[in-house]
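Everything on this sheet refers to the single structure shown next.
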């Protein structure tokens, strides 16, 4: 789903190909309801929205053909989500360094035009700012004179 910049309504995108093109160009060419007229006749900002949530974020490059991208939302943690890429071989790649290592070991993908710039491990922003727990340092307990007396009595 993507959100119209004019009316702020959510629109369902029928294919990953359309979705990836919109996602890649969203900053340069903001999405508007009229964009969907190619696959949804008579679409406009006057039509009720298709949904109420969105798992997109702008400027994510399109995924190379045959590859897939997966975003795993964590249940309340210090990190909101993890992004993984899966090449046609099915391996899981968790970082830019792993992508580069994979491409170094599989030059056939490089020959097909796959390069590191086609992968983004940027995660979406949580809709609830309090979803991600803030890291805090544990409070160190200071020894009191009572603790010292207990240790002396153990001798």
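Cβ from N, Cα, C; glycine included.
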Between 1-53, 54-106, which stretch does Swiss-Prot give the note zinc finger? 1-53
How many other Cβ atoms sit within 10 Å of the Cβ of residue 4 (Zn(2+) binding site)? 20
Across all protein chains shown, the one of the binding-site residues 7, 33, 45 with the most other Cβ atoms within 10 Å of its Cβ is 33
Near the Zn(2+) site, what residues other than 4, 7, 33, 45 in the same chain have a C-beta no further than 8 Å from the centroid of the listed C-beta atoms? 6, 8, 9, 11, 32, 34, 44, 47
From the DSSP assignment alone, can you count helix, strand and coil residues within the motif 'MBD-associated domain (MAD)' (3-45)? 16 helix, 3 strand, 24 coil
